[in-house]
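A short worksheet on the structure shown next.
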Amino acid sequence: MKTLMRHGLAVCLVLTTMCTSLLLVYSSLGSQKERPPQQQQQQQQQQQQAATATGSTQLVESSPQPRRTAPAGPRQLEGYLGVADHKPLKMHCKDCALVTSSGHLLRSQQGPHIDQTECVIRMNDAPTRGYGLDVGNRTSLRVIAHSSIQRILRNRHDLLNVSQGTVFIFWGPSSYMRRDGKGQAYNNLQLLSQVLPRLKAFMITRHRMLQFDELFKQETGKDRKISNTWLSTGWFTMTIALELCDRIDVYGMVPPDFCRDPKHPSVPYHYYEPSGPDECTMYLSHERGRKGSHHRFITEKRVFKNWARTFNIHFFQPDWKPESPAVNHAEGKPVF
């Protein structure tokens, strides 16, 4: 009898517990149904925010730091075609050293500074061997006039060193650069590319040459042909450098009024021809020449001085800066 009573009490206890649990569950469900829709929506938003915050924390802790983007590749320069494949030149430098051929570089000891620059630009057949302490030893780009090609060929073992990966840009009038077999300079370049297939040789197109003429007219107000002017290799080199470089450090270029000073020092026109003509004598004779064609060195330097007021151009050996302009110049590099 006692055993039956204990068994009955146990069953009642179990039933009571189950009923209580069911009532609690029913009450919870009922309370959710009775909540206004706004409260239900707020609860869902709180749950989503909590989940998002948790996920964000995990994402920050597990994700790597963002990587730096790779620098932009070399930009394509229009108007400069490969002699062998006729493909356009692709090149870009943040910092450039434009090394002139001036006698002002003698005993300057600027060579180490020049060689530390990302890209070093030289002109024509200006050598480095024997002058490294003053002009440096590296060459990234060499701009060469058609009249200097023969001298380049004679000194090809020194000047056409393909181990440095130097880029060579040749310029000349269309009669010398024509491709129909009658262009003397172009024929020499074709032969050169066959002898040195690894040479990075480029030529300025005829259309680009006309644009260089137009740029000279825009900057000076003078028509090149009417004024019997031959653009110098320095004109081509400075303009190419503006296309190629973000910053240009020019070594050996005097300001345009340098030769007007009667006390100016006498230096050779070329640092590698110490017994050659005086620099200012050469500049003044070409600037004043009227018969025949001449380089207008001083006129070109006035343009370079104006460009330096706006663009990232700096002059060393001698060191000088252009005075502040009286009027604001339009931003943007010279365009063709």
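Placement of Cβ uses the backbone N, Cα and C atoms for every residue, glycine included.
Feature annotation from Swiss-Prot assigns compositional bias 'Low complexity' to 38-49.
The annotation compositional bias 'Polar residues' is assigned in Swiss-Prot to 50-66.
Annotation comment: Swiss-Prot describes Cys96-Cys245 as disulfide bond. Taken residue by residue with DSSP, Cys245 (disulfide bond) is part of a strand.
Around the Cβ of Asn137 (N-linked glycosylation site), a 10 Å sphere holds 15 further Cβ atoms from the protein chains shown. Among the features that Swiss-Prot reports, N-linked glycosylation site is placed at Asn137 (among others), with the record citing sequence analysis.
Annotated N-linked glycosylation site per Swiss-Prot: Asn161 (among others), in sequence order, evidence recorded as sequence analysis. The Cβ of Asn161 (N-linked glycosylation site) has Thr139 as same-chain neighbours under 8 Å, each 6 or more residues away in sequence.
Swiss-Prot lists 34-76 with the feature region 'Disordered'.
Residues annotated as topological domain 'Cytoplasmic' in Swiss-Prot, with sequence analysis given as evidence: 1-8.
As annotated by Swiss-Prot, topological domain 'Lumenal' applies to 30-336, with the evidence given as sequence analysis.
According to Swiss-Prot, the feature transmembrane segment maps to 9-29.
Take the CB of Cys245 (disulfide bond) and look out to 10 A: across all protein chains shown you find 25 other CB atoms. The topological domain 'Cytoplasmic' (1-8) scores a mean pLDDT of 43 in the predicted structure. A distance of 20 Å separates the Cα atom of Asn137 (N-linked glycosylation site) from that of Cys245 (disulfide bond).
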